[in-house]
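Heads up: the structure comes next, in structure tokens.
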Amino acid sequence: MFNMNINSPVRFVKETNRAKSPTRQSPYAAGYDLYSAYDYTIPPGERQLIKTDISMSMPKFCYGRIAPRSGLSLKGIDIGGGVIDEDYRGNIGVILINNGKYTFNVNTGDRIAQLIYQRIYYPELKEVQSLDSTDRGDQGFGSTGLR
């Protein structure tokens, strides 16, 4: 079912000369760093759509997951949204959320997030009247304990 060539390159376009190619910082890095194409200021408690000026073609049966960078997370910067569908071809934008106490500045060329390619399965959904029971049932949000 997943007949994809893992050696096929992913095609991308730099939409402007401000765009920087996605990069991996080590041979085994899970994600490709995405870079801001512009300067932004994000006050505490606010969010901002950061444009990369990169568009790309996702591999077949894959989607792109926008994930936080650990160094930014340490500063209180998180990611909102974060899914690039297989058929999306527009400018990749990253929603940065400033959960910190201080204004956060993004400069042109800053690494803002990482793009991780993940396989996806498109199941057929079927509505039913009830589901099989399990020991856990409908117990959620902390029901399995802390330890």
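Numbering starts at 1 and runs along the chain as it is shown here.
Cβ atoms are placed via backbone N, Cα and C, with glycine included.
The Mg(2+) binding site annotation in Swiss-Prot covers R24. The feature dUTP binding site is assigned by Swiss-Prot to P68, R69, S70, G82, V83, I84, D85, Y88, G93, I95, R111.
Annotation for P68 (dUTP binding site): spatial neighbours I77, D78, I79, A113, Q114, criterion Cβ-Cβ under 8 Å with sequence separation of six or more. The residue listed as 'Mg(2+) binding site' counts 13 other C-beta atoms within 10 Å of its own C-beta, drawing on all protein chains shown. The Cβ of R111 (dUTP binding site) has 17 neighbouring Cβ atoms from other residues within 10 Å, across all protein chains displayed.
Around the Cβ of S70 (dUTP binding site), a 10 Å sphere holds 8 further Cβ atoms from the protein chains shown.
Cα to Cα, R111 (dUTP binding site) and R24 (Mg(2+) binding site) are separated by 11 Å.
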